[in-house]
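> Structure in structure tokens, see below.
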Amino acid sequence: MKYDLIIIGSGSVGAAAGYYATRAGLKVLMTDAHMPPHQQGSHHGDTRLIRHAYGEGEKYVPLMLRAQTLWDELSTHNEEPIFVRSGVVNLGPADSAFLANVARSAQQWQLNVERLDATALMTRWPEIRVPDNYIGLFEADSGFLRSELAITTWLRLAREAGCAQLFNSQVSHIHHDDNGVTIETSEGSYHASKALISAGTWVKALVPELPVQPVRKVFAWFKADGRYSTKNRFPAFTGEMPNGDQYYGFPAENDELKIGKHNGGQLIQAPEERKPFAAVASDGAEAFPFLRNVLPGIGGCLHGAACTYDNSPDENFIIDTLPGHENTLVITGLSGHGFKFAPVLGEIAADFALGKTSSFDLTPFRLSRFSQ
């Protein structure tokens with residue numbers, strides 16, 4: 001059987017692509033080396049932030065707004081909501097370049113963002129402490145996503161729509177010819193007109209020339225009471241320390257508040273190098289500088305987890321066809337800020353498989369930027 005689209009890697013982007021391409025009427029085969037959702041990629045840990053006024057650059061905002069529409073639609077397929085509109089407050093020094101980008105994105109796209117000085121910030125959320133020179137940019141319409149629930153939902157919807165799924169089967173080789181793409185797996189060979197490579201952290205095992213660096217990252221859950229929950233209107237947050245370190249976190253659930261550090265981590269080259277949480281001496285204490293200064297009422301570390309970022313050299317996404325192979329799209333280099341975009345990236349992949357030109361300007365995400 002020849003498929004219209006084979007998806008190599010069915011985590012966040014791959015799961016979304018499988019659903020949207022199948023829904024569009026294509027014959028799709030989704031593959032994954034494991035059984036998604038799983039612990040081997042970048043999507044586990046229950047929750048991910050979603051922010052609209054994007055500190056990483058205005059080029060992301062159109063993608064973000066489309067992604068939000070798709071998240072809202074996906075949430076209707078579950079009794080438990082996938083998107084929780086908790087609001088997100090971005091904390092940092094008044095001269096922060098990241099916050100300046102947030103403000104610029106909000107102004108350009110007329111997004112609902114409220115600026116609070118340090119006093120107003122601590123008055124609204126007495127649990128938060130910041131220096132006098134800090135500000136907060138509060139996005140009331142943003143919040144967080146239930147990442148594993150989202151992937152489970154996409155997989156179910158794709159399967160119900162007739163999508164073929166081959167999991168726990170690693171792709172060992174990809175062959176290109178005039179008729180399309182053939183993949184080799186432990187279960188045999190499969191052929192399609194087009195392919196999406198969304199293999200996340202270990203994409204270089206299949207495409208060694210891609211400029212992607214795997215980074216081991218950790219996040220942890222700390223003891224917190226009801227003051228830090230959505231029931232008390234406590235928001236999700238990002239926070240920049242005076243030394244430039246960037247943290248992110250979520251409202252407490254079941255008296256546990258999840259927090260992680262966005263920068264830093266350990267460069268790795270193979271899956272076995274991603275040691276479990278607490279295997280690196282600094283893991284348990286990584287969030288202490290932020291908690292001690294900004295959220296002093298939070299208690300001790302309860303448990304944590306390790307994941308992996310697939311970092312590109314400039315930490316911007318890679319969305320492009322493989323050089324010399326126009327029938328193969330690669331989406332990688334999401335650099336620790338990609339999950340919130342998963343539905344729109346999946347839709348872009350479905351449009352690619354349909355032969356449609358994307359309605360988004362994807363020029364900033366081309367591979368050619370690294371050779372200029």
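Cβ coordinates come from backbone N, Cα and C, glycine included.
According to Swiss-Prot, the record shows the following:
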BINDING   4-34  FAD binding site
MOD_RES   C307  S-8alpha-FAD cysteine
> Per DSSP, A24 (FAD binding site) is which: helix, strand or coil?
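SS state of A24 (FAD binding site) = coil.
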> Just going by other Cβ atoms within 10 Å, which of the binding-site residues I8, A24 has the emptiest spot?
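So among I8, A24, the binding-site residues given, the one with the fewest Cβ atoms within 10 Å is A24.
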> So which binding-site residues are near the residue listed as 'S-8alpha-FAD cysteine', with CA atoms within 10 Å, out of I8, S12, A16, A24, D32?
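So the list reads none.
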> Counting every protein chain present, what is the number of Cβ atoms, excluding its own, within 10 Å of the Cβ of D4 (FAD binding site)?
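I count 19 other Cβ atoms within 10 Å of it.
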> Tell me the Cβ neighbour count for V28 (FAD binding site), meaning other Cβ atoms within 10 Å of its Cβ, over all protein chains shown.
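Within a 10 Å radius of the Cβ of V28 (FAD binding site) lie 28 other Cβ atoms.
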> According to DSSP, folded down to helix, strand and coil, what is A16 (FAD binding site)?
helix
